[in-house]
């Protein structure tokens, strides 16, 4: 009885032989037509904004260091470095999340 499914189990309870076989279902997700272009545009805008934020973090961190505020400058530069690493692997991260 293994592999016959719930219908075979119910049929065996009533002393009948099941005539239906289980059908394996495989569904592959695909985006609706026209959506993939919009998603790609949105992701490219986000990547552009991310690199602008990384550059701004480096500049702000350098300015803080020059003005003598080394603690906040350190935080900004470390944040910018982490942001740059994330942006460098952005495509791989998105591909890994989607698949």
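Glycine is treated like the rest: Cβ placed from N, Cα and C.
Looking at 20-43, 44-67, the range annotated in TrEMBL as transmembrane segment turns out to be 44-67.
Long-range contacts of the transmembrane segment (44-67) within the same chain, counting only residues at least 6 positions beyond its ends with a Cβ under 8 Å from a Cβ of the stretch, are 73-77, 79-80, 83-84, 86-87, 90. Proximity of distant same-chain residues to the transmembrane segment (76-98), defined by a Cβ-Cβ separation under 8 Å and at least 6 residues beyond the stretch ends, is recorded for 43, 47, 50-51, 53-55, 57-58, 60-62, 64-65.
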